[in-house]
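Undergrad: There's a structure below that I have some questions on.
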């Protein structure tokens, strides 16, 4: 009988932590999908290049607010930055996600080499993600290079300057304490009634 109560106390104690962990993982995995896609590079003339980035997947819960794209070229190096602001479909008008994809593309007559980094700032969870990729080489065919963007490393970190910092941690801890107290009081009352 006592083992049954101990198992229920442990279950009630662990549940809020599991809910918190799964929600953070869900936010991270959906956001990271915005960094994967195809980068099309086309050298039109000697001094003119055309770069186009198409994300592989856009999570259904986001709408685009604004998009920026800049390209600079020096010799055979092309530097590009692609930034976009997204908001939740059913949220406020303010952006809830900022994604910045930047990179360096170096090309010659037969190949192109790409270094890419992607920064995602989720304003809802105050979590930022950095993805980096180095020296991916692709063949140049008729002055065109199609790059499939993948990453070597992923770093997640929680922003410390946000006014809502640790609100999810605080909520999970409060739920853990409350559920443990409720179950403990219930167990003690049951034990008193049975004795």
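Every residue, even glycine, has its Cβ placed from backbone N, Cα and C.
So Swiss-Prot lists these for the protein:
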type	residues	note
CARBOHYD	66	N-linked glycosylation site
CARBOHYD	115	N-linked glycosylation site
SIGNAL	1-21	signal peptide
TOPO_DOM	23-166	topological domain 'Extracellular'
TOPO_DOM	188-195	topological domain 'Cytoplasmic'
TRANSMEM	167-187	transmembrane segment
Undergrad: Could you tell me the C-alpha distance between residue 115 (N-linked glycosylation site) and residue 66 (N-linked glycosylation site) in angstrom, no decimals?
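TA: Per the Cα atoms, residue 115 (N-linked glycosylation site) and residue 66 (N-linked glycosylation site) stand 25 Å apart.
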Undergrad: Which residues in the same chain, at least 6 apart in sequence, have a Cβ under 8 Å from the Cβ of residue 66 (N-linked glycosylation site)?
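TA: Those within reach of residue 66 (N-linked glycosylation site), by Cβ under 8 Å and sequence separation of 6 or more, are 84, 85.
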Undergrad: Tell me, how many other CB atoms lie within 10 A of the CB of residue 115 (N-linked glycosylation site), whichever protein chain they belong to?
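TA: Its Cβ has 15 other Cβ atoms within 10 Å.
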Undergrad: When DSSP states are grouped into helix, strand and coil, how many residues of the topological domain 'Cytoplasmic' (188-195) land in each?
TA: 7 helix, 0 strand, 1 coil
Undergrad: Mean pLDDT for the topological domain 'Cytoplasmic' (188-195), rounded to an integer?
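TA: Averaged over the topological domain 'Cytoplasmic' (188-195), per-residue pLDDT gives 79.
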